Ligand code: NAD
Ligand code: IPM
Ligand code: MN
């Protein structure tokens, strides 16, 4: 089969981690006889530099006509002075919205080999951590009304609005319950319903949707408590469903308890099979260009792409198994390094995973 994949390397470590993911995908193509038609497009800071805008129309068009999109990361200090609409991050938000990708799936899994890399005590980690964060992605405060006002209480003011409608909550809640059905059948809804009206509506809709999934247990938790519980007892979580903003923050926290943000992949999905796949981390300007970035989050994102958009389950599993084997052979990028382990850079880690695939 031939698959059209739009590739957005982006900025900072984006191109570095994408390069390794493409090598892995090419190897999978060779082994299983698939043709991946990778079409590279511009978005983010590099697009601003080359075209004057963060998300050129051609990029949106190509992504829309592709089977899936694979993205590295966008942003960096060079563009931090730009206004909201012109920033590299606007490319990401614009793409998610233009493609209708409302469900962001972020699996936080602690590999057995990485127990030592987790900052949590081994009695807390127990048999491992396997949490799936389901984050609403194209609503809430990220996309609400915002602006500036000269008449603030104490001078000029700025505001961002959190608003959710019933339909937006229903669809993300359904996604979470459907995922939970295939896992340990528990959904923890995380909100701030003790303070926010938008959270009270959110919670009531989640409860209504839950009635269609009587086999799944639903719990509610306030976001402040949840941030604490993720550290105190991560084992209690199976599927987390939450808003755009809370999901952004809690998934970075969840990533760290699995060893590093460099390990966490994500899938962004809408109604069809088309999806966008990216690591949850950013462009990491502090380590960019130094062959230090962990490419595993992006490589695992490409495995999610094979599974969820291209319907290639066996191929996805093959990549995940190759990653596990390389970790079990004690190879580590610096973010997951522990004493006695073998230090490798971005390129070496990518090559090791490709070599595992070759030795199938
Ligand atoms: P970041 O995720 O880029 O980096 C946070 C820390 O994690 C840094 O110390 C970094 O070195 C480390 N890190 C991140 N990915 C790593 C990897 N693969 N391997 C090893 N270490 C890794 O977050 P930030 O510093 O807050 O943001 C930097 C820029 O990236 C900003 O412009 C931000 O807006 C952007 N950003 C983009 C995305 C995206 O494109 N999806 C996501 C988050 C942040
Ligand atoms: C992420 C990032 C983005 C977000 C930014 C860069 C817009 O932090 O994908 O987690 O907040 O969604
Ligand atoms: Mn984030």
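Just so you know, glycine gets a Cβ as well, placed from its N, Cα and C.
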Matching residue for the substrate site, where TrEMBL names 96, 135, 224 - out of 106, 146, 148:
106
From the Cα of residue 284 (NAD(+) binding site) across to the Cα of residue 96 (substrate binding site), what is the distance in angstrom?
21
Would you mind reading off the Cα separation of residue 80 (NAD(+) binding site) from residue 248 (Mg(2+) binding site), to the nearest angstrom?
19
Out of 76, 80, 142, 224, 284, which recorded positions have CB atoms lying under 6 Å from ligand 1?
76, 284
In whole Å, how far does the CA atom of residue 106 (substrate binding site) lie from that of residue 252 (Mg(2+) binding site)?
10
